[in-house]
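In what follows, a structure is listed as structure tokens, so that the remarks can point back to it.
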Amino acid sequence: MTTMARTSTGLAYPDRFYAAASYAGLDGSLNSNNNDVSSRFSNEVALILYALYQQATIGPCDVPKPSSWNPVEQSKWKSWQQLGNMATTEAMRLFVKILEEEDPGWYSRASNFVLEPTIDVQMNHYSKFEPITENGNSFAETKTISAKNGSLVQTQDKDVISEGLGSVVIYDTWISPPITGQHPKARYQHGAAVVQEKMYIYGGNHNGRYLGDLHVLDFRSWTWSKVGTKAVESPSPVNVAPCAGHSLIPWGNKLLSIAGHMKDPSETIQVKAFDLQTGTWSMLKTYGKPPVSRGGQSVNLFGTTLVIFGGQGANRTLLNDLYILDLETMTWDEIDVAGVAPSPRSGHAAAVHAERYLLVFGGSSHATFFNDLHVLDLQTMEWSKPAQLGELPTPRAGHAGVTIGENWFIAGGGDNKSGASKTIVLNMSSFVWSVVTTVEGTVPLASEGLSLVVGSLKGDDILVSFGGYNGRYNREVNILNPSCKLNLQSNITEAPSAVHNATNPTRDLRSEFEIGQGKIREIVMENVDSKPTISECEKTNERIIATLKVEKQELESSLSEEKLQSLQLKQQVLEAETRNTELYKELQSVRGQLGTEQSRCFKLEVEVAELRQKLQTMETLEKELELLQRQKAASEQAALNAKQRQGSSGVWGWLAGNPPEYTAIDDNA
């Protein structure tokens, strides 16, 4: 889808539920094994699946609480008890949803049931369009008319029907145009975007498997073709994994794929880009703190930024945070908003109005579907919840929306009971809802996860839908040409705020409501006697255009200031990067010097160690020398003493008749 996607099937059907229960091992059949649940899934998921199966097959828990000595049975009972009075269909839907998130390929691997057939709708290029009437309502149906059937039905008023799509002008009715070429595989939760009169389809979900193919439908020839892709351009090898529930945004000559569910989810949102000129994918590097990974979010282009709101995380946590990605600097910024934000949700739709306001409609939590409308002033960053007028839409999720002028068209979606059969439109200036058309039966237009884009036919803006899931996966293309009467709302007279003086049958009521410091102008036209005329429509449109021009000038002035600040910040960033480069070079130089000094220090340490060893050797030699000197001194002293004793003993020996020793020595000599 373009700006919204659901994370799993929102329309539960018994056959699919029982097939899922059989695959998970909870159907109680002879071939099933309850131990499979705990072995295939974590304890938390196994308990949830068990509780949902009990709720869907038996109903609310009314059995006594198990004994405390059996903790496993107590946990199972508690999980079942917490579901309260949840409806059977809702339990079935959640069971299938959780199984698809835990095991995306379960449907194709299941052996206990027959796979849903993918019906290929064969189109004849020479088909003719014939309106049919059902329950009093007029619809258009593509049929091949032979000569036996006679001529085409004559049209009235604006309806012009003729052979070939080029001259078909059927207002406010969905038709299936004749399309040739290689049709994409049926899918839902895909991304769709229009670039130069071509609709690109990327990814999606089919039978629980995520897809990664890219197809293009040329609005000029209404021919499908598959786009060949090359390897990913990235400094390091990165695989562009198949995904679903993502958003596809055109940006220059590129298609940006933001977020989405994958088999192996990342921790944060990934931004992928497909270059339409080179045919290559690349993973874009972002800065700042990115949001956690998710699917079913809304992504809207606002100037040179992307506004991301809500969605469902990989751990099934619902979100209502708001992030902005600057596409010029690729920097994430989490926004702190004032006012009461919408409750956490996924599968909602969002649109930007008057280059200032973000409108959010519908979506769902795990058990509740919404039809509320919220408005965020993108200048003051404050949420508000305006009063909705006209025929209020039913709660829904998984729908798709596009804007043409000040009209916001929404198709598809649904709740846990049925698909939304009404294509509706909101005047974003007056917040008045109107019904464009209603489809009957189980058709792709009453599906969840379809995509909706704005195409061109004979110079008119048309709505183009593709795919969706409503019990089977679809790959049909349907178009609707809205008439200009949708610029005025026909149900204003029913609203309490539109009660005026009966003496003035046609007058303008201009009222303003505050959204922070900004204002959205309401222009409400009322005609008591009949519908407004074309001239009144033109006058009203002129007044609206004049008001929007003033607001546009203010926004352009603010945008110029923001661009100037952005340029200044870029210059500062450039200077900082230059300074960082210089500092890095200085750091490298200092590191080199430090290495040289460390080498010198090592050499000095070696020399010091050698000197210490020599010093120790010298100390040993000094001690030995000192010892020798002492020995020498002692020897000399002993010799001196001996000589003295000898001299003394020689005199007395001579007197005693003993000759001196030296005499005897001499004689012996």
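Cβ coordinates are placed from backbone N, Cα and C, and glycine is handled just like the others.
From the options 377-404, 517-544, 545-572, 573-600, the stretch TrEMBL describes as coiled coil is 545-572. Feature annotation (TrEMBL): of 151-195, 241-285, 286-330, 601-645, the stretch labelled coiled coil is 601-645.
Note on the coiled coil (601-645): none of the residues of its chain located 6 or more positions outside it place their CB under 8 angstroms from a CB of the stretch. A mean pLDDT of 89 is what the model gives for the coiled coil (601-645). Secondary structure of the domain 'ACB' (13-108) per DSSP, as helix, strand and coil residue counts: 61 helix, 0 strand, 35 coil.
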